[in-house]
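Report on the structure given below.
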Amino acid sequence: MLQMPSKQPISAGIVIVAAGRGERAGSSKEGPKQYRMIGGKPVIVHTLENFMTWEPATEIVVVIHPDDEALFARALRHIISATPIETVHGGPTRQQSVLAGLRHLKDKRISHVLIHDAVRPFFDHVLLDRIAESLDNGAQAVLPAIPVTDTLKRADSAGTVLTTVSREHLYAAQTPQSFAFETILDAHEKAAASGRSDFTDDASIAEWAGIPVTIVAGTPDNVKLTVKKDIAMADDKLSASLLPDVRTGNGYDVHQLEAGDGVTLCGVFIPHDQKLKGHSDADVALHALTDALLATCGAGDIGDHFPPSDPQWKGAASRIFIEHAARIVREHGGTIMNADVSLIAEAPKVGPHRESMRMRLSEYLGIDIERCSVKATTNETIGFVGRREGIAAIATATVVYRGVKR
């Protein structure tokens, strides 16, 4: 018997629109609202993580403002994923930003595209699967929406009510708005070529182009964070359901000194008449801190991950070790809150280099410099340290892990 060929699952590209300035949310040192912190992470990170863990998503492009390169790079430090995330600069309007994202995906092997506002972090896979099912069944354009429940009034310019508008067949549109890729790209290109740049969502462009738009049920939680109060409420929502899980790890290391031209401590080279002896660069401070970080999630110690018997680590920069440990912490759901290093040495003097060391720790760990501490003391000429035969380091790391549900 002749069998019909089975349908191929959709291969979805994701366009996340994050180029807006968000004036209604007020100014903040954290930047535009998509970079504000909720539940310990930037808004855009929550949005990205939802898509990165959704199987049909094969390509993700984030449309950002040209001024936000550093903000976006900092946000990405919260994410560990094999899913590639690419960026493209947006335009003056949302419509132009979306077109930039679509053009970036043009040469990718995708069948469909989901276009989503970065500041809608509370969608879920149930909604995404509902959209995918509609696309898989042949819909060219899919709009998640919820029926309007408020009573609607039409008023004149003076604020006088003219009439009550029937709510029947009225819906509030949400994102991700989803389409057959070539169909929406063509519609966007035609809208741009015609001089239209005033569309406020992508379903409107589909309607203008004569493409049927299918509604699927949205979710009440899938709200757009628009004003400052929205962001505060989102933070409360994410934080209230979690119990804090604060962990502290300790690390200790020591390396011998021998004749040389300097030592590397916390990634900073200090000229000296001795050097530290070791398989790698022998940065005793970073080695101790690596162990402290690994201890917070029970991930062994530095020797487990970088055996001194392995020739590939001979002479290696210890930055590799500390960044690896920080990555493991984040993979386990941890946020590094504080890193403290105490160096015990008779020489060289650490004080003149302390700020440079703190800056390096901040860079390696992806945390603010105020969360990085470096201290030093001598051993009062006692023992091997006192005899200038070695340098020791003690490190403490404080990490908050994603809590458990109450």
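Note: Cβ is positioned from N, Cα and C throughout, glycine not excepted.
In the three-state DSSP reading, Asp253 (divalent metal cation binding site) counts as strand. Summarising the annotation, Swiss-Prot assigns divalent metal cation binding site to Asp253, His255, His287 and lists sequence analysis as the type of evidence.
Sequence-distant neighbours of Ile302 (4-CDP-2-C-methyl-D-erythritol 2-phosphate binding site) (same chain, six or more apart, CB under 8 Å from its CB) are His287, Thr290, Asp291, Leu294, Phe321, Ala325, listed in sequence order. Summarising the annotation, Swiss-Prot assigns 4-CDP-2-C-methyl-D-erythritol 2-phosphate binding site to Asp253, Val254, His255, His279, Ser280, Asp301, Ile302, Gly303, Thr377, Thr378, Asn379, Glu380, Phe384, Arg387 and lists sequence analysis as the type of evidence.
Marked as region '2-C-methyl-D-erythritol 4-phosphate cytidylyltransferase' by Swiss-Prot on the basis of sequence analysis: 1-246.
Look at Swiss-Prot and you will find 247-406 tagged as region '2-C-methyl-D-erythritol 2,4-cyclodiphosphate synthase'.
The annotation site 'Transition state stabilizer' is assigned in Swiss-Prot to Arg24 (among others) on the grounds of sequence analysis.
According to its DSSP assignment, Lys33 (site 'Transition state stabilizer') is helical. Annotated site 'Transition state stabilizer' per Swiss-Prot: Lys33 (among others), in sequence order.
Counting Cβ atoms from all protein chains shown, Arg167 (site 'Positions MEP for the nucleophilic attack') has 13 others lying within 10 Å of its own Cβ. Taken from Swiss-Prot, the feature site 'Positions MEP for the nucleophilic attack' applies to Arg167 (among others), supported by sequence analysis.
Lys224 (site 'Positions MEP for the nucleophilic attack') is surrounded by 14 other CB atoms, counting those within 10 A of its CB over all protein chains shown. Under the heading site 'Positions MEP for the nucleophilic attack', Swiss-Prot lists Lys224 (among others).
Long-range Cβ proximity for His279 (site 'Transition state stabilizer'), meaning a same-chain Cβ under 8 A and a gap of 6 or more residues, is found for Pro308, Trp313, Lys314, Gly315. What Swiss-Prot records for His279 (among others) is site 'Transition state stabilizer'.
Annotation comment: Swiss-Prot describes Thr378 (among others) as site 'Transition state stabilizer', evidence class sequence analysis. According to DSSP, Thr378 (site 'Transition state stabilizer') sits in a coil region rather than a helix or strand. For Thr378 (site 'Transition state stabilizer'), the Cβ neighbour count at a 10 Å cut-off comes to 13, with all displayed protein chains included.
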Which same-chain residues, if any, lie at least 6 apart from Ser280 (4-CDP-2-C-methyl-D-erythritol 2-phosphate binding site) yet have Cβ under 8 Å of it: Phe306, Trp313, Lys314, Gly315, Ala316, Ala317, Ser318, Phe321
Cβ neighbours within the same chain of Asp253 (divalent metal cation binding site) - under 8 Å, at least six residues apart: Val284, Ala285, His287, Ala288, Asp291, Ala392, Ala393
Span of the 4-CDP-2-C-methyl-D-erythritol 2-phosphate site, taken as the largest CA to CA distance across Asp253, Val254, His255, His279, Ser280, Asp301, Ile302, Gly303, Thr377, Thr378, Asn379, Glu380, Phe384, Arg387 (Å, rounded to a whole number): 30
Sorted by sequence, non-Asp253, His255, His287 residues with Cβ within 8 Å of centre, divalent metal cation: Val254, Leu276, Gly278, Ala282, Asp283, Val284, Ala285, Leu286, Ala288, Ala392, Ala393
